[in-house]
Amino acid sequence: MLLCVLKIYIIFCLVNDGAGKRSEVRGRTKTYSHNSRGYFRKERGMGKNKILLVNTKGFDQPHIGQGSFGLVAELFDSTRTDTSRKEPDINKVKLFSTAAHANKSSRNIGIFRRKAFNGSRRNIFSRQPFNKRNTDVTEKPGAKMFWNNFLVKMNGAPQNTSHGGKPQEIMKEACKTLPFTQNIVHENCDRMVIQNNLCFGKCISLHVPNQQDRRNTCAHCLPSKFTLNHLALNCTGSNNVVKVVMMVEECACEAHKNNYHQTAQFNMDASTTLHN
């Protein structure tokens, strides 16, 4: 009889011990974070404001603290009932790792730098379009083309035939008046130095071959406005020497339709000096 009572007592104790363990397991409230490196779990028997940090990476002994994690969470109430096994999403603790965030930022910076380097390298080594217009040498109509067209015109071509030269290029003349220092010299006389002007430039000339009257039209840069001055030189002797000098004021291109052209005579020597 005593043996039966002892067996019943042992069975009753075992049943109560298993039921207590199951209720303790059900009473625990677990909260997991969305981070794969760890989660937080709140124990019912640990107090009101204590959080148990469980490291899921190594599954070592749990420790209480914050570690290297930044936590923004709302603590659960310790007086929660055992009937609520499922927890709503609003009570879950969101956890992020500062180290993982730093690694992600460094990876993003590295990707941005690689993209920028590749873009700059493409800009440097990109093929530039070949511009054929810049390589071609532009040939302007010169004297040869003008002469050939002129010969065609003079050999029986119609009167309205146009030549290849441009009027701006054909009629381009340059006749300038340049100042210089002129020396008047004579034998047994002192040298006289005066300030005068000379004519320098490019004018149009025209020669028509195979013509009976041999008409030539030439234009020369000649004085268009001048004065004649008589200069008396200081000489050693009884004879007085007077020189007639053309004092040039303006120059222009003048055409002559003769076989010869008139040139102006200047009393100049090798020591003549031009002034710019």
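Using the three backbone atoms N, Cα and C, a Cβ is placed for every residue, glycine included.
Look at Swiss-Prot and you will find 1-20 tagged as signal peptide.
Summarising the annotation, Swiss-Prot assigns N-linked glycosylation site to Asn103 (among others).
Annotated N-linked glycosylation site per Swiss-Prot: Asn118 (among others), in sequence order, evidence recorded as sequence analysis.
As annotated by Swiss-Prot, N-linked glycosylation site applies to Asn160 (among others), with the evidence given as sequence analysis.
The annotation disulfide bond is assigned in Swiss-Prot to Cys175-Cys221 (among others) on the grounds of sequence analysis. Cβ-based neighbour count (10 Å, all protein chains) for Cys175 (disulfide bond) stands at 19.
For the domain 'CTCK' (175-259), the model gives a mean pLDDT of 83. Per Swiss-Prot, the feature domain 'CTCK' maps to 175-259; the stated evidence is sequence analysis.
Secondary structure from DSSP puts Cys189 (disulfide bond) in a beta strand. Residues or ranges marked as disulfide bond by Swiss-Prot: Cys189-Cys235 (among others).
According to DSSP, Cys199 (disulfide bond) is assigned to a strand segment. Among the features that Swiss-Prot reports, disulfide bond is placed at Cys199-Cys251 (among others).
Swiss-Prot lists Cys203-Cys253 (among others) with the feature disulfide bond. Its Cβ placed at the centre, Cys203 (disulfide bond) has 17 other Cβ atoms within 10 Å.
What Swiss-Prot lists as N-linked glycosylation site is Asn234 (among others), and the listing cites sequence analysis. The number of other Cβ atoms within 10 Å of the Cβ belonging to Asn234 (N-linked glycosylation site), over all protein chains shown, comes to 11. Taken residue by residue with DSSP, Asn234 (N-linked glycosylation site) is part of neither helix nor strand, so it is coil.
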> Which numbers of helix, strand and coil residues does DSSP report for the domain 'CTCK' (175-259)?
Replying inline: 0 helix, 60 strand, 25 coil
>> If you compare CA-to-CA distances from Asn234 (N-linked glycosylation site) to each of the disulfide-bonded residues Cys175, Cys199, Cys203, which comes out shortest?
In response: Cys199
>> Among the disulfide-bonded residues Cys199, Cys221, Cys235, Cys251, which residue has the fewest other Cβ atoms within 10 Å of its own Cβ?
In response: Cys235
>> Using only C-alpha positions, which one of Cys175, Cys199, Cys203, Cys221, Cys253 is spatially nearest Cys189 (disulfide bond)? These are the disulfide-bonded residues in the record.
In response: Cys199
